[in-house]
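These notes are about the structure you will find just below.
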Amino acid sequence: LPDAFLDFLQTNGIDPLIYTPRYIRLKPGLEEIEAEIKCRLQKLNWLPGFYSLPPHIQIANSKPYKEGKIYGIDAASGAAVLALDISVGDHVLDLCCAPGAKLCMISDLLGDSGSVTGVDVARHRLAACRTMLQKYVLGDACRLFVADGTTFSLMPVRFREWTSRRPWKERKRAARARPELIFYGKASGVVGLSKDELGYDKVLVDAECTHDGSIRHIQKFEHWGWETLNGRVLNAERSDNLTTLQLKLLINGFRLLRVGGSLVYSTCSLTVSQNENVVEWFLKENSSAALQEIDAAKDWPCKSGRIPKTLRFDPVTSKTSGLFVAKFTKL
């Protein structure tokens, strides 16, 4: 690792010898999958359906992976999804959904009920989400929009709630204002917007960040060149721009949440500025927001954040990628 990044880790109290774990989720059929990839998988007792995978095992060309029986996703990311406490029939918004692993897990948890709306500003990354939904046969109750998560405004709508009696000019204006829809599952509800809709039951804001806690991301700099690290991770101006974006995403996600619903804010950064500071700013400006205890976290191998009720995963404590998690409810 370059000296500049080692200094960054030291400033944030992080041991540089931490970027090693690797995890997957599995559909049923463990023995068959182990035989195919010629490897015994270690079950994670604290996270249902997750297994650790030795770093030398390659799964991309394996039959189970191609057939959609293996999901590549870090255990900490799975914990962020479980923190939402998704229930049958929930309408869930994933506001920064690309590349799609959390989106697929949300769809899996919902089963044949409710709906999930995925939003991302990058069309090519959202196309990857669409491919994942199709590969894992999870798209029936999902819709994907190319849109800016800081201004996205479409609510979940059931068919019986669609007001076709609205004036024609009003419907035409609403249609023009909609973001680009690139995937629409047959059971994902009618696309529409009206002022009296109540909002989403659950919202996930896994915000864009410097990714300094992500094992896979840090490994990429070996190929991209360590000099790019300064611009993408260590540059102060970029960090300031990111915290502004993160706060805007959190504000808009909370606006789209129904009263009594739950929102999870997460980043894979280990810094305070992108995590606790954003939470503090948000709470200061939103009197209707309150932090919630994450009930599922009782047995999770993580630490408390610098703000009560927030959590931090890191490779030393959790044997996962770094992840910050905060859960809010709307009063």
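Including glycine, each Cβ sits where the backbone N, Cα and C put it.
Curation plays no part in TrEMBL annotations; they are all automatic predictions.
The feature domain 'SAM-dependent MTase RsmB/NOP-type' is assigned by TrEMBL to 1-331. Residues or ranges marked as S-adenosyl-L-methionine binding site in TrEMBL: D120, D148, D206. Positions annotated as active site, nucleophile by TrEMBL: C268.
Summary of the S-adenosyl-L-methionine site environment: with the site residues D120, D148, D206 set aside, the chain residues having Cβ atoms within 8 Å of the Cβ mean position are L95, C96, C97, A98, V119, V121, A147, G149, E208, L249. The two recorded residues, D120 (S-adenosyl-L-methionine binding site) and the residue listed as 'active site, nucleophile', have Cα atoms 17 Å apart. D206 (S-adenosyl-L-methionine binding site) is 8 Å away from the residue listed as 'active site, nucleophile' when you measure Cα to Cα. For the binding-site residues shown (D120, D148, D206), fewest C-beta neighbours within 10 angstroms: D148. Take the CB of the residue listed as 'active site, nucleophile' and look out to 10 A: across all protein chains shown you find 26 other CB atoms. Residues listed for S-adenosyl-L-methionine, D120, D148, D206, cover a largest CA to CA span of 14 Å. In the predicted structure, the domain 'SAM-dependent MTase RsmB/NOP-type' (1-331) carries a mean pLDDT of 84.
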